[in-house]
Amino acid sequence: MSYVQSIPPHDIEAHLAEHDNKSILRFITCGSVDDGKSTLIGRLLYDAKLVFEDQLANLGRVGSPGAANGKEIDLALLLDGLEAEREQGITIDVAYRYFATSKRKFIVADTPGHEEYTRNMVTGASTADLAIILIDSRQGILQQTRRHSYIASLLGIRHVVLAVNKIDLVDFKQQVYEEIVADYMAFAKELGFASIRPIPISARDGDNVISASANTPWYRGAALLEYLETVELDPTDQAKPFRFPVQMVMRPNADFRGYAGQISCGRISVGDPVVVAKTGQRTSVKAIVTYDGELATAGEGEAVTLVLSDEVDASRGNMLVAPGARPFVADQFQAHVIWFDANPMMPGRSYILRTETDSVSATVTTLKHQVNINSFIREAAKSLQMNEVGVCNISTQAPIAFDAYNDNRATGNFIIVDRVTNATVGAGLIDFPLRRADNVHWHALEVNKSARSAMKNQLPAVLWFTGLSGSGKSTIANELDRILHAQGKHTYLLDGDNVRHGLNRDLGFTEEDRVENIRRVAEVAKLMADAGLIVLVSFISPFRDERRMARELMEEGEFIEIFVDTPLDECARRDPKGLYEKALAGKIANFTGVSSCYEAPENPELHIRTVGHQPNDLALAIEEFLDRRIGGQMTPLQRPT
C-alpha cells in the first residue's frame, strides 16, 4: 500500500501554498512499556496510506511477524529503527515522523516507555502540543503512565488523548474502558490539562484509529485521526514576545556586523526596537539578512542575521528581545528538575547549566522537596535519584537571561551537564527568579587582598590535602604549618575533624553531607585566602567534583592540590583512630575506602607517597615547592616519591 496523490502541473504552486498554510500539530505518544505506542503510530500511518511501498517491503526483510504471508505486518517497526529496538521489541530512542493529511500537518515523536529511558521521553515532550497517553486495557494505569502524565503536564503540554489500547483483548467491554477513564480522570485532575479526550482503540487492528469501529458501538466520539485534525491549540502558544538568542557575530568585512541565530519565538520587522537582554542597551533592527536575501519581517523558527542600527555588546550567549517584554536576568532562580542520571543529584555540587543562550557553572543550593508522582505530595529529600522530580533553588556563576517556563517554553528550560563525563544528567524548568539576588550587592572595600598580602609580605595560597583516612594528611599538614609559622608566614590549618566540631557539626557522612561539608570549607578557605593567608586544608574530600569546585573558587594558581597517597591496607594497618576496625565490622556506614568510594586526583600539583618517608621530610618537600610557587619561580615539579 502506498500513498500517491495526482496533482495537475498547473496546480502544483497552489497545492504547495495550501500545504504551507496548514497548521502544524506536534504530538507525542507515551505510556508504559508494551502499551502499543509504536504500533499505534505505525497503524495511523499505514491506514492513512502514508507509508511508501519501499518501507512496507523493508518490514518483510527485517523479519516482522507474519510479513511473509502478507496477513500481518509488525507496524511498530516503522518507528523502531535501532537494531536493539527490534531485537528487544521496545522503543529506546525518540523516533520522529512527519506526515500530513488534507487538513493538517503533523510531527509525531514516538517516545520510549521504559523507565530507564525517561530522559528520551522528556526530549520528545519538550516541544509537543499534545500527548497521546496509551494505557493497556488489561493492566490499567501503571506507575510509568503516571510519570509520563506528570512530566507532560510539567513540560507545558495542555491537551491529552487518553488512548485505551488493546480494547480487543478485553472483548471491547465498555465497563473496562469506563473504569480506566474514571481512574485516569481522578488521577489527572491535579495536572491542569486543558482537555483530556478518551478514545478506546486497538492499535494492532485499527479500531477507532482512522475511522469509527463497529466493535465499539457504545463509543460515539471521533476516531483518533479525526480528533487530531480538529483539536484546537491554545492561541497564546502562537503569540510569544520576541526572543532571539545570538549564536554568532557575523563580521565578513569592516562594513558589516550582523548577529546570527534562530528566532525562538515572536516576530521582528525592520525598524522594530530591540533590547540586549543582559546589558539593557536599546537599538533597532536595520536589516534582516538571510541566505536568499533581505526580509522585511521574520518569525519563530527562521534562521536570520540581524543588522542593528547601533553598535552594542551582544555577543554569543546574549539575547535580543522586545523592549516591552524583557526576560529576567538573574543568577539565582527556582526550578523543577527532572533527574536522568544513575548517580544522584547532589545539592552543593558544581554542574554545567546550559540554556538556549548560555553555558555556565551552576550549583543546586537547596533541594526544597521531591514530588511524589503518584500522589503529588511534596516529600523531603536530600538528593534526587534517577527519574525523580524535585523543586530546587539554583545558583549560577554569572547572571543568565530567561523566562518562566510557563510563560515561554523556549527560554525557560535548561539542561544540567556533569563536569567530568559531559553527560546530560538532568533537565530543568524555571519557575521564577529569586529576588534575594537583587537585594544583595557587593560592597567595595578599601583594603583588598593585595593590600593584606603586601602587609604580610606573602602571596596567599590554598594547599588542599586530600587522601584516605589514616593516610597522614593532618600529620603532614600540621608539620608544614609548624615549619611555615617558624619562618614568619601567616597560615591557618583547617582540619576535617576540627571543623566538624563547629561549623559543620550538623553534617553527617552521607554522600550529600560530604558534598556540603566541602562546599562550606571551600568558601571559608576562599575568605582566608582573601585575607592574605596561606591556608592548609586537610580533608578526605573524596569526590573530584567538589575538589574542582574548590579550585574554581580561588584565583588562578592559588589552589594547590596535594594528593597524600597511602595504600588502603596501610591506612587500615595504621588505623590511628580505630575507625577502620569499626568500618570493617559494619559499625560505621559510608566510610571512605570501605563502604564509600574515594576518587583519587587525576592531575594534582603534588603527589606524595607516604610509605617509607617521614612526615617531616614530606612537609619540607612541600615547603620547597611552595617557596618556588608563591615566589614566582615556576620550575618543574620535583614530586617526592
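Every residue, even glycine, has its Cβ placed from backbone N, Cα and C.
For Ser541 (active site, phosphoserine intermediate), the same-chain residues 6+ apart in sequence whose C-beta sits under 8 angstroms from its C-beta are Trp464, Thr466, Ile518, Arg547, Ala550. For the recorded site, Ser541 (active site, phosphoserine intermediate), the DSSP three-state label reads coil. Positions annotated as active site, phosphoserine intermediate by Swiss-Prot, on the basis of similarity to another entry: Ser541.
A 10 Å cutoff on Cβ-Cβ distances gives Lys37 (GTP binding site) a total of 28 other Cβ atoms nearby, all chains included. DSSP assigns Lys37 (GTP binding site) to a helix in the three-state reduction. Feature annotation from Swiss-Prot assigns GTP binding site to 31-38, 110-114, 165-168.
Under the heading region 'Sulfate adenylyltransferase', Swiss-Prot lists 1-458. Per-residue pLDDT, averaged along the region 'Sulfate adenylyltransferase' (1-458), amounts to 84 for this model.
As annotated by Swiss-Prot, region 'G3' applies to 110-113.
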Ile167 (GTP binding site) in three-state DSSP notation: helix
Neighbourhood of Ile167 (GTP binding site) by C-beta distance under 8 A, where only residues 6 or more apart in the same chain count: Ser137, Lys173, Val176, Tyr177, Pro200, Ile201, Ser202, Asp207, Asn215, Thr216
